[in-house]
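TrEMBL has this to say about the protein:
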DOMAIN    41-240  domain 'Hexokinase N-terminal'
DOMAIN    248-384  domain 'Hexokinase C-terminal'
Amino acid sequence: MGKVAIGAAVVCGIAVAAAAAVVVHRKTKKSGRWVKAMEILKEFEEKCGTPIPRLKQVADAMIVEMHAGLASEGGSKLKMLISYVDHLPTGREKGLFYALDLGGTNFRVLRVQLGGKGRGIVNQQFEEVPIPPSLMTGSSDALFDYIAAELAKFVAQEGSDFKQSPGRQRELGFTFSFPVMQSSIASGTLLRWTKGFSIDDMVGQDVVAELAKAMERQGLDMRIAALVNDTVGTLAGGRYNNNDVDASVILGTGSNAAYVERAHAIPKWHGLLPKSGEMVINMEWGNFRSSHLPLSDYDHALDTESLNPGEQIYEKVIAGMYLGEIVRRVLCRMAEEAAFFGATVPPKLEEPFILGTSIMSAMHQDTSPDLKVVASNLKDILEVYF
């Protein structure tokens with residue numbers, strides 16, 4: 001577990017440093033307002049500092065929380081969810097498999113032909129399907145009937161270059177990237193919706209059972225073999241290509257990690273130990289927090305004003321949904337206190353979350369030594385993007 005925690009701390013250091021690197025380290029004229037701007041950046045850089053001793057403190061704190069989360073439900077900020085995945089791919093798998101990935105405003109369907117040892121993926125096809133907004137707040141039957149209908153269309157398009165083993169039922173892996181409490185490899189109760197979904201009659205229900213019923217209504221003969229979240233799925237994909245892979249990290253809109261744990265090191269596991277002796281753990285590490293995390297005043301303000309104050313602190317300092325907002329807050333202060341953009345603050349810069357994380361790379365490329373040029377270029381970037 002130590003390797004995973006240290007990796008998390010390193011990621012945190014890189015992420016917050018990236019925010020500070022937007023305009024820092026430029027050689028500039030010693031104008032009064034530029035000196036003030038650099039003071040603001042220097043203060044931010046110091047707050048985000050991640051020297052090796054601090055990274056070790058963060059790693060140690062995460063290890064403590066990991067052990068607590070493995071010991072009991074609710075015993076830690078880290079949920080350390082048991083995935084019921086006790087065997088990962090070996091690269092020797094052979095046959096035709098389907099996958100459904102539901103985790104946002106689009107879902108994806110995939111079919112893949114695995115060729116067995118030494119052949120890997122022989123063929124694959126996938127489609128991405130948008131979900132109508134009305135279905136995101138409607139009923140569970142309406143949502144899953146729509147998904148099952150699109151899946152049935154996709155299966156019907158299966159070409160002759162995909163070979164199903166005779167007498168074998170088609171199998172589907174279901175990636176469901178919303179909070180669920182699993183009770184087996186192919187069942188899980190929805191705890192709550194996120195990402196704009198709000199379907200009340202689905203909360204507390206088994207998502208696999210709901211999908212299976214919708215598939216049956218479509219006349220689709222297919223067995224849902226596994227329910228996983230995207231982090232566990234990423235780990236499985238990594239292990240398929242490399243038998244030494246033991247952990248996976250998602251760094252996107254949000255952030256999470258999964259890893260392979262020894263089954264006997266999970267006190268809250270009350271069933272028979274799996275024959276493999278291992279269990280994949282979904283850490284849900286976005287909710288980690290520690291006094292050792294390098295949190296600036298901007299981080300604290302963002303958290304206070306968020307929809308879930310006090311929660312997902314680690315995610316808020318490393319994930320794509322938030323890094324651009326941190327940069328926006330730094331630039332706002334520079335604009336207000338150092339006239340970084342001239343006499344006025346660009347109106348759009350005052351809009352929360354208007355500055356996407358993807359824009360940071362474009363801003364970082366500006367190496368002009370002249371304050372006026374830098375400010376003008378940043379204004380141009382804002383106008384282009386917004």
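Cβ coordinates are placed from backbone N, Cα and C, and glycine is handled just like the others.
Secondary structure of the domain 'Hexokinase C-terminal' (248-384) per DSSP (helix as H, G, I; strand as E, B; remaining residues coil): 64 helix, 17 strand, 56 coil. In this model, the domain 'Hexokinase C-terminal' (248-384) carries an average pLDDT of 83.
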